[in-house]
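What follows is one structure encoded as structure tokens, with my remarks underneath.
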Amino acid sequence: MSGLLCYCRQGFEPELAAELSARAAFVGIAGYARTQRNDGYVLFVCDEAAQLAARLQWRELIFARQKLVVLAELKGLDPKDRITPILAALDGQPRFGDLWVEHPDSDAGKPLAGLARSFGNALRPALRKAGLLTDKPQARLPRLHICFLDGDHALLAVADSSDSAPWPLGIPRLKLLPEAPSRSALKLDEALLTLLTPEEREQLVKPGMRAADLGAAPGGWTWVLTRQHVHVTSVDNGPLREHVLATGLVEHLRADGFHWKPAQPLDWMVCDMVEQPRRVAERMATWVREGWCRHTIFNLKLPMKKRWDETRLCLDLFEQQAEKSLTVRAKQLYHDREEITVLAMRG
């Protein structure tokens, strides 16, 4: 078969299927999504998979944790010898620079984690013997993915390391430090890691910059920014953790973060407030339009139904009302739940 394999958060398969269908139609490539709710992945079947993958950049996909081009689908694998049919299916392929053996991040997929680990150890030497895998990982070469959907059912796929998630399953393994004020700190950590390139992080998040955190309490996002030595105005009627204030980089204003505005322009504004997504999109657009900040990261809490439609509406609303030339990226992060995280950067 030919198509794209994209991983997603369990339960968001319809949103990813709708996104892939809409984006493929926009670039003029015909295809259809194959998925079931709670699978943790979507197959977008099309004849021009490589061309579609080139047009749909991983960083631009909202609900996809990972983006892969399918090479083959193997069913009825013999548990005693899965390697032989995989080698046969890969015959004629160029050499790969790495191998990741995976499973969907779903209730049905997680029990396959042990198989994925052990099979990867068995498959690597066989691939090297066949001339299909380098001795050491080489990022400049395509990366081979084997995704087990069941013990006898696997998808073989390939990734461009420069246009795919650099983590197995598309999940960055971030550790919640004991001093983090809340688990929400992981969301901003992941947003900075996922939505910005390494070069952008170095250029746009510098010591001495000034930021506002709207709806800051108890201080998770503020704490993440202070670890980058950014000066933060934390706006919330609720309290911040004492050790966050003790950094000397934080000014706590007891005010309504949704209506507060700064006295002078800031480098960054971040916001993780529980509010209707369209209201948030409009308020964030006001911040950009009025020049109150150059860059922003904010969350949009999605409704239970028509989440892809609401996502498109909110992003369109934000860009229209911002009235600025922006680079906008959005992702449903691993540490997000019923929400997406949006980055907007001025040039």
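Placed from the backbone N, Cα and C atoms, the Cβ positions cover glycine too.
Quick look at what Swiss-Prot annotates:
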ACT_SITE  Lys301  active site, proton acceptor
BINDING   Ser184, Ala217, Pro218, Gly219, Gly220, Asp236, Asp256, Asp272  S-adenosyl-L-methionine binding site
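All features noted in Swiss-Prot, drawn onto the structure.
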residue: Ser184; record: S-adenosyl-L-methionine binding site; contacts (Cβ under 8 Å, 6+ apart): Gly220, Trp221, Asp272
residue: Ala217; record: S-adenosyl-L-methionine binding site; contacts (Cβ under 8 Å, 6+ apart): Ser234, Asp236, Asn237, Gly238, Pro239, Leu240
residue: Pro218; record: S-adenosyl-L-methionine binding site; contacts (Cβ under 8 Å, 6+ apart): Pro181, Ser182, Gly238, Pro239, Leu240, Arg241, Val244
residue: Gly219; record: S-adenosyl-L-methionine binding site; contacts (Cβ under 8 Å, 6+ apart): Pro181, Ser182, Asp213, Ser234, Leu240, Arg241, Val244, Val250
residue: Asp256; record: S-adenosyl-L-methionine binding site; contacts (Cβ under 8 Å, 6+ apart): Val235, Asn237
residue: Lys301; record: active site, proton acceptor; contacts (Cβ under 8 Å, 6+ apart): Val274, Glu275, Gln276, Pro277, Val280, Glu338, Glu339
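Asp236 (S-adenosyl-L-methionine binding site): 22 other CB atoms within 10 A of its CB, across all protein chains.
In the three-state DSSP classification, Gly220 (S-adenosyl-L-methionine binding site) falls within a helix.
Residue density at Gly220 (S-adenosyl-L-methionine binding site): 24 other Cβ atoms are found within 10 A of its Cβ, drawing on all protein chains shown. In the three-state DSSP scheme, Lys301 (active site, proton acceptor) falls into the strand class.
The record assigns Ser184, Ala217, Pro218, Gly219, Gly220, Asp236, Asp256, Asp272 to the S-adenosyl-L-methionine binding site, and the maximum Cα to Cα distance across that set is 19 Å. Taking the Cβ of Asp272 (S-adenosyl-L-methionine binding site) as centre and 10 Å as the limit, one finds 24 other Cβ atoms among all the protein chains shown.
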